[in-house]
Amino acid sequence: MPVTAIVGGQWGDEGKGKVVDMLAQEADYVVRFSGGDNAGHTVINPMGEFKLHIIPSGVFYPGVKCIIGNGVVINPDVFIRERNELISRGVDVKNVFISDRAHLVLPYHILLDGLEEEARGNKSLGTTRRGIGPAFVDKYARMGIRVGDLLLPEYLHERLEYVLECKNQILTKVYDAAPISLDEIYETCLKWGKELAPNIKETTHIIEEAISQDKKIIMEGAQGALLDPDFGTYPYGTSSSPLAAGGCLGIGIGPASVSATLGVFKAYSTRVGGGPMPTELLDKTGDIIRDEAHEYGTTTGRPRRIGWFDAVAGRFSCQINGMTTAIMTRLDIMDILPAISICTAYELNGKIIKYFPANSGELAKCKPVYEEMPGWLCSTKEVRCYDDLPLAAKNYICRIEELIGCQMSAVCIGPSREQTIYK
């Protein structure tokens with residue numbers, strides 16, 4: 001089957017956007033399957049640098065159809081703004097479609113996200129405050145408004161009336177905030193419906209036909225496996241599954257249709273927001289890596305937390321995704337380091353463990369067990385053949401492959417398409 005899932009192997013920000021952009025030139029479809037505009041993908045190509053939050057990274061190829069699947073929650077304002085910016089920069093967006101089953105991020109979701117984070121105080125989860133979590137809560141509480149509802153004014157009004165009655169009770173009585181106007185939000189939704197009507201499709205049928213015609217489909221993941229609500233650092237995670245299995249649910253296909261799962265790993269670890277991170281570097285080395293790599297969130301602008309590569313977490317990520325191959329990004333950032341460490345195990349309560357604990361409290365107590373490897377202290381940015389990489393760099397890649405149990409099919413040594421080395 002011609003479906004390839006591309007997923008993040010860490011806490012997000014691994015470089016999936018570049019990988020999708022790179023592989024999309026041979027694809028017929030690129031489909032986003034999870035998350036919302038809380039995830040940011042940076043793509044650098046001959047047209048310039050683009051920061052995408054909701055539109056799939058395959059949009060830069062005119063022949064590729066890009067679908068935002070039912071598993072994504074969509075803020076129409078963000079989609080419209082992103083679409084219009086792409087158009088203004090000469091990108092053809094006529095092949096961008098949205099599933100009518102996808103749920104909406106509405107103004108009250110954003111408002112509640114901020115109020116809930118404020119109420120948590122120093123126990124806040126570090127959300128992006130873009131309303132993603134509350135939108136998924138409504139989806140599973142059967143209070144959500146879906147994209148297709150925008151095209152059915154009477155049904156939309158009925159749904160909004162019911163939902164706002166509940167939301168305004170929470171806003172006024174729990175948070176002492178002003179209520180949301182039904183008329184205002186209804187008018188906003190009607191405007192969105194007119195604006196999005198050409199993009200809204202019954203996408204499961206489109207994808208089913210594509211599979212039957214043996215078309216090449218990329219399932220584009222958002223965020224990373226270690227943020228999964230079941231297998232990640234709960235509750236410090238995201239609200240939808242970024243795993244390959246989540247891709248099947250998020251676009252409407254069966255697992256047998258997926259022929260390959262490609263995991264994307266940085267050569268080191270990063271994380272945004274709260275939650276345990278065993279290999280976090282709070283010293284000068286972390287600052288050096290952050291500055292060299294410009295590690296600041298695409299969506300939030302917050303400085304990312306930096307750590308050494310965590311092979312325990314990486315192996316777990318390979319397992320729960322069923323990765324068939326992987327790609328390492330940002331190897332070039334390690335060029336400046338005289339020595340590099342890899343976490344091969346954890347020490348928990350005086351015992352050495354090689355598994356990823358389910359409990360975030362336990363994970364926070366884990367001390368990394370490191371294996372130190374020599375750096376190479378020379379630039380890899382201009383290398384175009386794997387054999388021409390410094391021996392120490394190849395040894396580093398090989399050791400990570402051994403530890404996570406998955407082979408790297410390519411290594412990225414810079415942001416552009418040309419800075420990708422295939423093994």
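Cβ from N, Cα, C; glycine included.
According to Swiss-Prot, the active site, proton acceptor annotation covers ASP13. In the three-state DSSP reading, ASP13 (active site, proton acceptor) counts as coil.
Around HIS41 (active site, proton donor), a 10 Å sphere centred on its CB holds 25 further CB atoms from the protein chains shown. Taken from Swiss-Prot, the feature active site, proton donor applies to HIS41, supported by sequence analysis.
The GTP binding site annotation in Swiss-Prot covers 12-18, 40-42, ARG304, 330-332, 412-414. Within 10 Å of the C-beta of LYS18 (GTP binding site) there are 26 other C-beta atoms, taking all protein chains into account. The DSSP secondary structure for LYS18 (GTP binding site) is helix.
Annotated Mg(2+) binding site per Swiss-Prot: ASP13, GLY40, in sequence order.
Under the DSSP three-state reduction, THR128 (IMP binding site) is assigned to coil, being neither helix nor strand. Packing around THR128 (IMP binding site) is summarised by its Cβ count: 22 other Cβ atoms lie within 10 angstroms of its Cβ, all protein chains included. The IMP binding site feature in Swiss-Prot is assigned to ASP13, GLU14, GLY15, LYS16, ASN38, ALA39, GLY40, HIS41, THR128, ARG142, GLN223, THR238, ARG302; the stated evidence is sequence analysis.
Counting only residues at least six positions away in the same chain, the Cβ atoms of ARG290, GLU295, TYR296, GLY297 sit under 8 Å from the Cβ of PRO303 (substrate binding site). According to Swiss-Prot, the feature substrate binding site maps to THR298, THR299, THR300, GLY301, ARG302, PRO303, ARG304, an assignment based on sequence analysis.
A separation of roughly 7 Å, to the nearest angstrom, links the Cα atoms of HIS41 (active site, proton donor) and GLY15 (GTP binding site). In the three-state DSSP reading, THR42 (GTP binding site) counts as strand. Cα of ARG302 (IMP binding site) to Cα of LEU331 (GTP binding site): a span of 22 Å. Among the binding-site residues ASN38, GLY40, THR128, GLN223, GLY301, the ones whose Cα is located within 10 Å of the Cα of GLY12 (GTP binding site) are GLY40, GLN223.
Using a 10 angstroms CA-CA radius around ASP13 (active site, proton acceptor), none of the binding-site residues in ASN38, THR128, GLY301, LEU331, ILE413 qualify. Under DSSP, ARG302 (IMP binding site) is assigned to coil, being neither helix nor strand in the three-state scheme. Proximity note: of the listed binding-site residues (LYS18, GLN223, ARG304, LEU331, ILE413), GLN223 have a CA within 10 Å of the CA of GLY40 (Mg(2+) binding site), given in sequence order.
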